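Engineer: I'd like to ask you about the structure that follows.
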Amino acid sequence: MPAAGPENATMVVTEFFLLGFGDLKELNALLFLVFGIVYLLTVSANLLLVVLVCTQQGLQTPMYFFLANLSCLEVCYTSNIVPRMLVDLLREHRMISMLGCITQLYFFGALGSTECYLLAVMSYDRYLAICRPLHYSTLLHGTLCVELAIGSWLCGFSVAGAFQAAMLSSLNFCGGNEVDHFFCDLKPLQKLSCSDPHLVNLVCMSLTSLVTLVPFGLTLVSYWKILAVVLCIPSIIGRQKAFSTCSSHLVVVTLFYGTLILVYAVPLAGQFPVLNKTFSLFYTVITPMCNPLIYSLKNRDVKEVLKKFSIWFCNFSFT
């Protein structure tokens, strides 16, 4: 649907047209195939990790408990965006209602901020494991693990998601309705709004500071203390062993925050929609698939459990 022209500029917009990858129409079938396979791999790998953590005694530790929460989150996070994106790749009528847009933005913000808090909690877990190993099980007991996980989910869904949905609801759209993105993100929606952008930007910056910078700061503090302890270990083998216990989490943190910074903190990405959409694909499609693979390939416990599970599955299939 084309954008509203001057003659109907005062028309109130009640639905949006997602341009998606409109400039790559000839590749829609290929993109559908690639993103469809990635989505199936993402859901399968994350759910498999959750099943392994829940069923294998050797993985029932605080670290894997938080990892199972992260895997559940990744399934929800990518499922909020990718299925609709796949459908839109196969149709011309890519309309989404205002309510649908608000709902998608709410879950996008809520799940994204929950991941920030979960990654901070997981960094605290690694800090205790490396810096306070003798008191690890006492300090990070089962009840506290559950409280930290529930707190992360509640903070994400009650603060960030609600704020973003409220901001979108407060915007007035009286002009074009073409969103140059493959999902409802606040930045491209702001460009269509005829409301005062200064207030929206101020609120968004405040929200970003609260939701992103606070847990990111806690993550940095944890790793700063971890680095200080690791550097004090005299042997190189001891340093490598200590650092290997948090290397998987560090890679995941780098991928997640790296792509967020590229999209929301670098002005260049906002000026070029193609760059914005490319970087957005990383944290909505690629990163959720990579997380279970990173933990599986770099973690000896997970690899051993996967090996046992594969042997059991093969034996079960041939009996």
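Indices start at 1 and increase along the chain as displayed.
Each residue, glycine too, has its Cβ placed from N, Cα and C.
I grabbed these lines from TrEMBL:
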type	residues	note
TRANSMEM	29-52	transmembrane segment
DOMAIN	45-295	domain 'G-protein coupled receptors family 1 profile'
TRANSMEM	64-83	transmembrane segment
TRANSMEM	95-118	transmembrane segment
TRANSMEM	139-163	transmembrane segment
TRANSMEM	216-237	transmembrane segment
TRANSMEM	249-267	transmembrane segment
TRANSMEM	279-297	transmembrane segment
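Explain the structural surroundings of these features, please.
Structural biologist: Under 8 Å from some Cβ of the transmembrane segment (29-52) lie the Cβ atoms of residues 21, 59, 67-68, 71-72, 74-75, 78-79, 82-83, 85-86, 89-90, 285-286, 288-289, 291-293, 295-296, 302, 305-306, 309, all in the same chain and six or more residues away from its ends.
Long-range contacts of the transmembrane segment (64-83) within its own chain (CB-CB distance under 8 A, at least 6 residues past either end) are made by residues 35, 38-39, 42-43, 46-47, 49-50, 53-54, 104, 107-108, 111-112, 114-115, 118-119, 121-122, 125, 145, 148-149, 152-153, 182-183, 252, 284-285, 287-289, 291-292, 295, 301.
Beyond the transmembrane segment (95-118), the same-chain residues lying 6 or more positions past its ends with a Cβ under 8 Å from any Cβ of the stretch are 1, 13-18, 66, 69-70, 73-74, 76-77, 80-81, 84, 149, 151-153, 155-157, 159-165, 168-169, 183-186, 189, 211-212, 215-216, 256, 260, 283.
Residues 62, 65-66, 69, 106-118, 121, 124-125, 128, 132, 203, 207, 210-211 of the same chain sit 6 or more residues outside the transmembrane segment (139-163) yet have a Cβ under 8 Å from a Cβ within it.
Residues 35, 38-39, 41-42, 45-46, 48-49, 67, 70-71, 74-75, 77-78, 81-82, 112, 181-183, 185, 248, 251-252, 255-256, 259-260, 262-263, 269, 303, 306 of the same chain, all 6+ positions outside the transmembrane segment (279-297), place their C-beta atoms under 8 angstroms from a C-beta of that stretch.
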Engineer: What residues in the same chain, six or more past the boundaries of the transmembrane segment (216-237), come closer than 8 Å to it by Cβ-Cβ distance?
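Structural biologist: Non-local partners: 116, 119-120, 123-124, 126-127, 130-131, 243, 246, 250, 253, 257.
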